[in-house]
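Beneath this line is the structure, given in structure tokens, with notes to follow.
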Amino acid sequence: MADEEPVDQKKYLEESCKPKCVKPLLEYQACVKRIQGDESGHKHCTGQYFDYWSCVDKCVAPRLLPKLK
């Protein structure tokens with residue numbers, strides 16, 4: 001058992017949490033569509049991107065931490 005490669009549970013938990021974060025994902029995708037034509041490079045969707053991953057992380061954390069002990 002010591003020779004087995006550890007499995008990253010976070011990836012699996014993230015996939016199960018993504019459907020719970022549809023609203024932030026849609027907001028991010030809408031932002032990306034809005035700024036597609038921006039040639040200046042000044043517009044970005046960083047806030048929406050972090051909002052989406054924050055939602056996923058908040059869902060994952062309580063389920064992941066007990067598995068790390």
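Heads up, the Cβ atoms here are built off N, Cα and C, so glycines get one too.
The disulfide bond annotation in TrEMBL covers C17-C59 (among others). There are 17 other CB atoms within 10 A of the CB of C17 (disulfide bond), with all protein chains counted.
Sequence-distant neighbours of C31 (disulfide bond) (same chain, 6+ residues apart, CB-CB distance under 8 A): C45, Q48. The feature disulfide bond is assigned by TrEMBL to C31-C45 (among others).
Per TrEMBL, the feature domain 'Ubiquinol-cytochrome C reductase hinge' maps to 8-69.
Residues within less than 8 Å, Cβ to Cβ, of C59 (disulfide bond) and separated from it by at least 6 positions along the same chain comprise L13, C17, K20, C21. Other Cβ atoms within 10 Å of the Cβ of C45 (disulfide bond), summed over all protein chains shown, number 18. Mean predicted confidence for the domain 'Ubiquinol-cytochrome C reductase hinge' (8-69): the pLDDT average there is 93.
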